[in-house]
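Novice: Input: one structure, supplied below.
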């Protein structure tokens, strides 16, 4: 029996200099699993609650000492003695302990830290890599990365409305080559921006964050960088957007300050997207509508859902019950998976399974506030998700996930699969 003997949480810092939790779970064999919890900037209102202390005299109110205490004084007592390989049972025990819909008593950050640390300890005990422990013997697909190379919106202090402009090296033969292509385009983009006199400082997720003349100019400079790096847009490299539209939505109107006609209805916003899709090799749009604008989501899905990937992030918040409703109404065709939106590994896996059964694609994602924890890289391979979104090609908090995927690809050797364009199995290409 892989019995839990001790659980310990501490307060650490994330990539934005804000506190977060790190949890260690110890087993009777002496092995230990450690996990750190990420944090988002643009968050869905139905996400599980990230518990913060609110003491303005300490870390500007963002401390997590209460969540740490909840792990050390409440959760630890309840799960000590349980078998670490009983992931479902341990996660269920923590949900019962919390007893609230959005994990507001103990905090999703407290619960998730324990959930992931338990899985890591169990994998160590069994003697297999984390991706294999979670996914079994068929975990073998390396994900196509969505690389965020221009940051805007809530992720950057600039005038760009759209939060993320991403490249997807779908023409690569394997993950290692995809990463190389992305890095080369990233450096080419820096050169392009410098040549135009733009600032090349980076945002929260490592992408460049210049002030640009329009949102479309971001696409133009990326296209130029792809060609400068020696690749063919639309064949070897595709584009993806995360609009984070909930941040732009108020009183039934979307406001894009950097557009000539800044105020847009849902219909006008769909027209705006369709125009971009017709002009550029955009294969994916995330959060194209606000999380509560389900009518807008339906219009977007009906118009573009057969041509491109329509990803729900704030819309679904990795919540199986919300996803189920979206599937029933024909909303979106893909889900973004963020571990801390729902708060346990078990519920995350439930959401992924539900999405796949409905023919939705899954994109495993980081948060804008990250740590050196690489769990999501293992998760992407464990569930054969096919896609991962973990930032740009700089900042260790982003690059560590890519480096972990390189290790996994090496370990899998000739068993490893990389599907490139084929990951978009539910749209016409």
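We count from 1, first residue shown onward.
Note: Cβ is positioned from N, Cα and C throughout, glycine not excepted.
From a predicted model like this one, the values you see are computed outputs, not experimental measurements.
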Novice: Which of these, 194, 196, 338, does Swiss-Prot say binds (2R)-2-phosphoglycerate at the same site as 163, 367, 368, 389?
Specialist: 338
Novice: Name the one residue among 267, 302, 313 that Swiss-Prot lists for the same Mg(2+) site as 242, 286.
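Specialist: Mg(2+) site check in Swiss-Prot: besides 242, 286, the record includes 313 out of 267, 302, 313.
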Novice: Using a 10 Å radius around its CB, how many other CB atoms surround residue 338 ((2R)-2-phosphoglycerate binding site)?
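Specialist: For residue 338 ((2R)-2-phosphoglycerate binding site), the count of other Cβ atoms within 10 Å is 25.
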Novice: Excluding 242, 286, 313 themselves, which residues in that chain have a Cβ inside 8 Å of the centre of the Cβ atoms defining the Mg(2+) site?
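Specialist: Near the Mg(2+) site, beyond 242, 286, 313, sit 163, 164, 241, 243, 244, 285, 287, 311, 314, 336, 365, 389.
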Novice: Closest to residue 205 (active site, proton donor): which of the binding-site residues 242, 286, 313, 367, 389, going by Cα position?
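Specialist: So, spelling it out, the nearest of the binding-site residues is 367.
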Novice: Using a 10 Å radius around its CB, how many other CB atoms surround residue 313 (Mg(2+) binding site)?
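Specialist: Step by step: centre on the Cβ of residue 313 (Mg(2+) binding site), count other Cβ atoms within 10 Å, giving 28.
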Novice: I'd like to know which of the recorded positions 205, 242, 286 has the most other Cβ atoms within 10 Å of its Cβ.
Specialist: 205
